[in-house]
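Okay, structure first, notes after.
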């Protein structure tokens, strides 16, 4: 063992402590640092070390580290290859990282076929990744193998169909689980609420939540349930009911739960109630990236662009790790605030300093930023240099800017590209018509309107670039 390296037992205590505290990044740092210390026997005597590291990978969605650990099991710790705990942790890691086929291969290679935890891990992986039919088929196969599904099994299958938006099947399965002797618990009901919200079935989600609060289900909402229902109130028309859920969270003692607080910040920010969002944000004892993103977006979309940038700087100082949504938020703030040079700097820093590859939404933000500032040719050159195929939001941002600045020639080019990408959206024709009308070309405006009518195009709401400039 290298000088100064902790003993195997003390190292394992550090690993376990970090895992229990939810410091999953530290778990992986401890694990891989120990491997690099040169002591080949440092980890192998502790069978719990590898599953602990794999669970950290699962929680972080870190598939690359998980694959590396898998390779280590095969090459360096072959004794763990037949260990059911390690195999189940490996299976679960792949499933939670969205690599369901890899999870299935691990499952098929397991020595025992009666490990209910392993069956449930794979089943939950199918359900979580949009394959509820496979989850159900696996549950049926369990019975054929002589294994009786437990509450975890049933909840995973119900969750799969709820997330897929198949409310009827989810309800049928709840009746089946009751016939099988299991009463739906808070996990079951939260799955139904969450699935309804994710599929924009807001009325159903609210009805389910009200039933829980009124004890109609004999199960009261948990922090996870409250966090799941709040997005259903993320608009001005429903914010009063959202505040009622907030009040319930206070009474239930769940207001300071990280997921609930983050959902409250997001709800208030999306409703434009920035002061309320900031009030919740400032009271939080800890924040995650989702919380910071919600607050930055809220400030940017409400016109508090300098404050949004200041909050981003504070996020970095606090040691929080920005993600691709963080940079979408700050680039939006730069665009609305006219901070072109800062936007350019942040765009470059995203990749060079933070290792985040630009996505289409970042390119759209940059075109929006340059276009609003009147740098239309620069924006077009930026599009031409993109390594990705521009989508409707990229071309739409350019078209909106052309409309505002009266550049009909470039507007024609953007419109032609936009109609190629999204031919059935009449809003594209209307936006181009506005640009033509601003240039006094009324005959061309009439032609565009006739084209829109002849094509029976639909006007799609919710495209942010329609009024971007």
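Glycine too: its Cβ is placed from the backbone N, Cα and C atoms.
These numbers come from a predicted model, not from an experiment.
Noted in TrEMBL for the protein shown:
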REPEAT    83-113  repeat 'PPR'
REPEAT    115-149  repeat 'PPR'
REPEAT    150-184  repeat 'PPR'
REPEAT    185-219  repeat 'PPR'
REPEAT    257-287  repeat 'PPR'
REPEAT    288-322  repeat 'PPR'
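Helix, strand and coil counts from DSSP across the repeat 'PPR' (257-287) read 23 helix, 0 strand, 8 coil. Same-chain neighbours of the repeat 'PPR' (150-184): 116, 119-120, 123-124, 126-128, 130-132, 135-136, 139, 142, 191-192, 194-196, 198-199, 201, 204, 217-219, counting only residues six or more beyond its ends whose CB sits under 8 Å from a CB of the stretch. Beyond the repeat 'PPR' (288-322), the same-chain residues lying 6 or more positions past its ends with a Cβ under 8 Å from any Cβ of the stretch are 258, 261-262, 265-266, 268-270, 272, 274, 277-278, 281, 329-330, 332-334, 336-337, 339, 342, 354, 356. Mean pLDDT for the repeat 'PPR' (288-322) in the predicted structure: 95.
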